[in-house]
Amino acid sequence: MSKIRVLSVDDSALMRQIMTEIINSHSDMEMVATAPDPLVARDLIKKFNPDVLTLDVEMPRMDGLDFLEKLMRLRPMPVVMVSSLTGKGSEVTLRALELGAIDFVTKPQLGIREGMLAYSEMIAEKVRTAARARIAAHKPMAAPATLKAGPLLSSEKLIAIGASTGGTEAIRHVLQPLPLSSPAVIITQHMPPGFTRSFAERLNKLCQISVKEAEDGERVLPGHAYIAPGDKHMELARSGANYQIKIHDGPPVNRHRPSVDVLFHSVAKHAGRNAVGVILTGMGNDGAAGMLAMYQAGAWTIAQNEASCVVFGMPREAINMGGVSEVVDLSQVSQQMLAKISAGQAIRI
């Protein structure tokens with residue numbers, strides 16, 4: 001089997017050296033070239049035809065976003081962004097994902113060499129995932145038209161969504177058409193701390209419903225979406241007749257915190273047939289067992305189809321476990337969620 005060919009673009013010679021060490025330490029990949037800026041990278045891409053590009057967000061001569069935008073228009077390829085953990089860095093990274101980057105890794109703020117080498121396995125996994133990603137499915141998407149929701153039967157209805165690689169754009173596409181009369185939406189997207197708040201704020205500006213980073217103990221309200229904070233698990237809980245959010249530091253599940261399985265299992269327990277579950281693009285199997293639990297509890301469950309996924313991992317696993325009611329294209333997910341929950345069809349007979 002041929003190795004994954006990687007090209008790294010970073011203005012820091014140290015970062016280029018570290019990325020080369022990391023990539024070449026894995027037997028299934030190799031660093032074919034490195035570039036100090038996008039202009040040099042342009043020529044190296046033509047020369048080496050890499051499978052995956054790692055790209056620093058902030059560089060001289062041409063910044064990473066400008067280069068990414070041109071690259072995705074002229075020569076689409078899998079890109080993993082390398083970002084700082086600053087507030088500005090998180091906003092720029094989210095814009096990069098919108099432009100078509102597959103995923104991102106964050107630079108440690110102190111001890112770059114030790115920090116990056118500690119991330120070695122995670123970086124390699126993101127490169128592997130990017131190499132398998134469906135680039136055609138990751139073209140920037142126009143804002144969908146607002147849908148109309150039928151009358152909610154009760155405030156007990158809610159929607160739970162889980163996603164990973166490619167999920168930030170998929171979630172935007174699902175939330176943007178939702179009207180103010182939508183039921184509550186609770187979302188777990190695999191994302192490190194420092195990024196989920198920026199992600200929620202970005203969505204809040206784009207959506208009619210209110211979108212925020214979830215807080216422990218807050219009441220779950222219709223017309224609102226709640227994003228699990230990075231490096232924290234989020235669960236649905238009950239407080240009398242109301243739903244409540246529970247945030248905690250439990251151990252990683254399926255190597256993830258937040259974990260989609262943790263969210264879905266809690267929704268199965270506390271909402272059951274009053275819920276609709278949605279599993280979107282992502283690598284691995286997180287959420288598959290939780291979706292099966294939701295299905296067995298009477299929830300209607302939706303998986304994104306392979307053609308519209310960046311990575312058809314999590315949806316495939318959920319389908320294979322037998323916990324999916326229907327498989328639909330990303331463009332139809334919002335409509336199906338509202339149709340099932342508004343008509344009371346979250347209850348399966």
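Each residue, glycine too, has its Cβ placed from N, Cα and C.
Residues or ranges marked as domain 'Response regulatory' by Swiss-Prot on the basis of sequence analysis: 5-122. Taken as a whole, the domain 'Response regulatory' (5-122) shows an average pLDDT of 89 in this prediction.
Take the CB of Asp56 (4-aspartylphosphate) and look out to 10 A: across all protein chains shown you find 25 other CB atoms. The 4-aspartylphosphate feature in Swiss-Prot is assigned to Asp56.
What Swiss-Prot lists as domain 'CheB-type methylesterase' is 152-344.
Annotation source Swiss-Prot lists active site at Ser164 (among others), citing sequence analysis. In the three-state DSSP reading, Ser164 (active site) counts as coil. The 10 Å shell around the Cβ of Ser164 (active site) contains 27 further Cβ atoms across the protein chains shown.
For His190 (active site), the same-chain residues 6+ apart in sequence whose C-beta sits under 8 angstroms from its C-beta are Ala163, Ser164, Thr165, Gly167, His256, Pro258, Val260, Gly282, Asp286. In three-state terms derived from DSSP, His190 (active site) belongs to neither a helical nor a strand segment and is classed as coil. Feature annotation from Swiss-Prot assigns active site to His190 (among others).
Swiss-Prot lists Asp286 (among others) with the feature active site, giving sequence analysis as the kind of evidence.
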